[in-house]
């Protein structure tokens, strides 16, 4: 965001809407100011992290740092967790597409436990108590148990990765996540050879989550999602603990969530309290609610029609009304190189 | 009183559209403005259709015939918002890609039903002039019963559209059923009174 690539400059130059233009100019100036004040600090930090020989790739993959967080409720993360953020590694394979602004990533959310409207989670998720937090690991693992957040997160170094996020509703974002590989977490608990799938469960507490009290919901709570074990072990699959260099806001799934960039957004379950390694494909929330619409795999695929939204293209947010930011949807959300082998020989129209 | 205030009703019914223009100018539509605009216009189309349908039952209950004096205006406002809703969908969601329109109409049931509702309302709007009312005579009344079909299709469109929480569509559906029931009860009781009088 701070160093503009030619394509980015082009996109704002052709945007006629003055307000949109002004905001980008403002963001750019903000970025320039940040470069002047904090730039040298980053470069030193990055050089220490990656070695000075990679100076060029460092310049591209520098940490996302300065964002306006005004008005966005911050997750009251414990001190030990906050302290882990500055030392995060920067992933060199991050997408260099223009980031979706922090205020949009944190104010435009699907988190039905806090309401079904996009603005509801940001409004209501402040009531989520995220500290203390614990996660139960059970099923086919040698070290099952209920662990505190600190037990879960402490052994892992954090990494910043910029991923595309594609919602099945045909909008998309580019988000700088902070997290670590799910595979690394799972290995910690020694899955047995019987572990073929991983099931995740979200907190289910109507006292903290007003959306759970709404009548006439076709969703069975708690929210459950799942992955096949090889999908879970894929290096792209993250446990997200923050975004934009900061701890995760509750509406985005504090304190820890899943991030699976080649699948539709609803697979990336939020505010996880349980991780179960299981032998059979776990029943998942949206699949149970409308099996003709949401499959277990839910890989982003422009060639598989959906009864609600055309999947051929998406609106990259922020989008403007008269100059919409349409993007052609890519197979596996553009991560085919890393994940296509997982589905070799599978009919993706059948296993959607 | 209702009749006298006609210009007020006209301006009030226009105000959601004015508010939307204000939101567009001030960039107040959020990060996904296309969706916001289409949903805003859709819900107001539904509301005006329901308002138009409530005027006859209101007359039947209160005995005040003046409610009918704004029925055409409210019906046309419903059609106005339906047209804007459809236009916004074509323009902002589809980006005028006509091949995708056919895909949507054929493959997505809620769009099929919504489009059908617009098709049903179209001839009603065209025949809403005094001249057409006179020219069509009894047929006009028959034709305009199509509004009940359009309302049912609109309700179905809204229910089908809901992803998980049916609370809002159920509220609208309940009101619609209530409005239909009121007409039916009042009409049958009126018919009975007429029979009794004889």
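Just so it is clear, glycine is given a Cβ too, placed from its N, Cα and C backbone atoms.
Any TrEMBL annotation is an automated prediction that lacks curation.
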Give the range, chosen from B:110-126, B:127-143, that TrEMBL lists as transmembrane segment.
-> B:110-126
For the transmembrane segment (B:169-185), the distant same-chain contacts (Cβ-Cβ under 8 Å, at least six residues beyond its ends) come to 46, 50, 53-54, 56-57, 60-61, 148, 151-152, 155, 158-159, 161-162
Cβ contacts under 8 Å made by the transmembrane segment (B:37-55) with residues that lie 6+ beyond its boundaries | 13, 16-17, 20, 24, 29, 67-68, 70-71, 74-75, 77-78, 80-82, 84-85, 88-89, 92-93, 147, 150-151, 154, 158, 172, 175-176, 179
